[in-house]
Amino acid sequence: MRSIYCGQLNKTHVDQEVELCGWINKRRDLGGLIFVDLRDREGLVQVVFDSDIEELMSSANTLRQEFCVQLKGIVRARPDSQVNKDMPTGEIEILGTELNIINRSEPLPLDFNQVNSEERRLKYRYLDLRRLEMSDRIKLRAKASSFVRRFLDENGFLDIETPVLTKATPEGARDYLVPSRVHKGSFYALPQSPQLFKQLLMMSGFDRYYQIVKCFRDEDLRADRQPEFTQIDIETSFMSSDQVRGMTEKMIREMWQTLLNVDLGDFPIMPYSEAMSLYGSDKPDLRNPMKLVDIADLVKDVEFNVFSGPANDEKGRVAVLTVPGGAKLSRKQLDDYTKFIGIYGAKGMAWMKVNDHTAGAEGVQSPVAKFLTADVITQLLERTNAQSGDIILFGADKRNTVNEAMGALRVKIGIDLEITNLDSWAPLWVVDFPMFEEDDEGTLHAVHHPFTAPKDMSASELEANPAAAISDAYDMVLNGYEVGGGSVRIHNADMQEAAFRILGINEQEQQDKFGFLLDALKYGTPPHAGLAFGLDRLAMLLCGTDNIRDVIAFPKTTQASCLLTNAPSKPNADSLAELAISVVEKAVLSAE
């Protein structure tokens with residue numbers, strides 16, 4: 001039915017007869033001539049109907065937007081005055097000689113000439129995907145997938161599938177559970193990742209594994225998260241963390257070079273502690289030059305408990321962010337930023353405008369200046385290297401609150417004030433994460449997952465001082481997004497059992513949930529390490545969008561629903577009975 005795609009035509013095809021298939025993007029009637037823009041997945045081409053054949057012209061006259069058609073025609077060069085430089089096929093047009101209307105279209109529920117709401121786009125996703133902007137994104141994602149497969153195949157990796165119906169294991173988020181009809185009352189879990197199976201493959205002797213695989217997490221959604229997502233999953237035996245990073249960095253660098261003609265350069269390596277200290281985040285956006293500066297030592301003795309309290313608390317932090325040119329911010333803007341950091345638990349935000357950095361305390365304007373001595377202000381200006389016209393923003397609270405609030409504020413102000421260079425790329429590796437972190441109740445949790453190996457520690461040393469353990473883990477960060485993360489895995493049963501005990505998983509629970517893994521670790525397990533990339537997030541960055549739904553053909557909303565199919569839906573009573581499931585409505589008690 002088709003001899004070539006519309007978007008592939010150019011001047012080399014002049015005088016050739018072609019067969020095209022696609023949709024009518026636009027129609028224009030100019031007297032005796034009928035012009036249409038025909039669209040397929042590769043682009044647009046202009047078709048002209050100018051014929052004495054009454055049947056052809058009559059049929060062309062009925063064409064409307066999104067009619068699906070097949071046509072034949074002759075490629076001809078446009079006159080110089082009619083060349084459309086904004087169109088890749090703008091040097092040529094097709095003189096239509098035959099037309100077959102395959103299917104007509106009703107008036108569209110989407111207007112392709114204006115911005116439609118995301119809800120409407122998702123409800124009519126099959127129409128939304130016809131837009132060239134969307135089809136280009138899906139094609140670029142497909143190219144990224146193909147590139148990954150080629151690269152890993154050429155480097156000796158085997159594409160091996162792992163189960164989708166599996167056992168629930170604690171990996172940080174809630175599982176999606178699937179009831180078993182055969183084993184009534186029992187449930188499978190959809191995998192949050194193939195983590196344990198890929199480790200078992202290493203124990204099976206498949207020393208280089210990969211898989212582009214669907215994963216599932218029942219968690220609150222954001223613009224860059226989905227309940228089902230696609231992971232580029234990689235695992236290797238007999239490779240160090242340095243070697244894994246080197247190989248996967250090479251893959252991403254070559255991907256960007258191939259698909260975008262961008263050289264990312266060598267990725268700098270930053271310890272987790274440095275990332276948190278300077279940027280308040282373990283995924284810093286290095287396109288933004290602003291850094292946090294600690295000032296606890298300067299304010300620990302001031303008569304202002306908002307500063308001195310956290311400064312003298314071992315779990316507290318007092319840090320400042322110097323914003324170049326920020327003195328021009330209005331009081332309303334500062335109030336808005338104060339509300340913004342409140343989302344992250346911050347109770348307020350002090351500020352200091354620098355009118356003349358050479359004048360010390362006399363050159364600043366701040367509601368907290370009265371609590372600070374002239375010497376403290378002078379030292380503050382020197383430490384931050386603040387210049388005239390800058391503003392210094394203060395964060396003082398528990399360390400985690402300051403990091404989250406000031407880290408997020410740094411990102412927001414960087415974009416709002418155009419400090420962040422959005423036209424650049426800034427990759428890095430973040431390494432040396434703590435193995436465990438403590439919650440507000442003092443309970444330890446794994447920073448990554450319970451199968452991550454510590455650096456230079458025995459099992460007994462790990463149990464004796466888990467808070468000091470540094471994991472052999474690594475995250476790849478690009479423009480403030482974590483695009484991949486991995487680690488060296490525990491390959492010794494004693495170490496794995498010690499890690500479980502630290503996390504409060506007793507021996508019985510270890511056997512119930514991980515008995516198969518602990519058994520496998522007893523039979524000559526090789527050292528192994530791996531990494532997983534989020535394909536959706538990589539595609540989002542490649543396509544230059546900040547919404548992950550833009551690069552998924554049929555995504556879910558932030559409420560984890562599909563507006564196209566109305567999933568999830570309630571099953572019928574017979575289906576539930578067959579699974580021995582009853583739905584209990586939760587009673588809502590009103591206070592009287």
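The backbone N, Cα and C atoms fix where each Cβ goes, and this holds for glycine too.
ATP binding, as stated in Swiss-Prot, involves Arg217, Asp218, Glu219, Gln226, Gly534, Leu535, Asp536, Arg537; the candidate among Glu154, Glu161, Glu482 given for that site is Glu482.
Residue ranges 55-58, 155-158, 195-198, 519-522 are listed, and Swiss-Prot annotates 195-198 among them as region 'Aspartate'. Those residues noted as binding ATP (Arg217, Asp218, Glu219, Gln226, Glu482, Gly534, Leu535, Asp536, Arg537) have their most widely separated CA atoms at a distance of 19 Å.
Distance between Cα atoms for Glu219 (ATP binding site) and His448 (L-aspartate binding site): 16 Å, as a whole number. When the Cα atoms are compared, Arg537 (ATP binding site) and Arg217 (L-aspartate binding site) turn out to be 15 Å apart. Residues of the region 'Aspartate' (195-198) grouped by DSSP class, helix first, strand second and coil last, total 4 helix, 0 strand, 0 coil. The Cα atom of Leu535 (ATP binding site) lies nearest to that of Arg217, taking the binding-site residues Arg217, His448, Arg489 as the candidates. A Cα-Cα distance of 17 Å separates Arg217 (L-aspartate binding site) from Glu482 (ATP binding site). When secondary structure is read from DSSP and collapsed to three states, Leu535 (ATP binding site) falls in the helix class. Of all the binding-site residues listed here (Glu219, His448, Leu535), the one with the fewest other CB atoms within 10 A of its own CB is Glu219.
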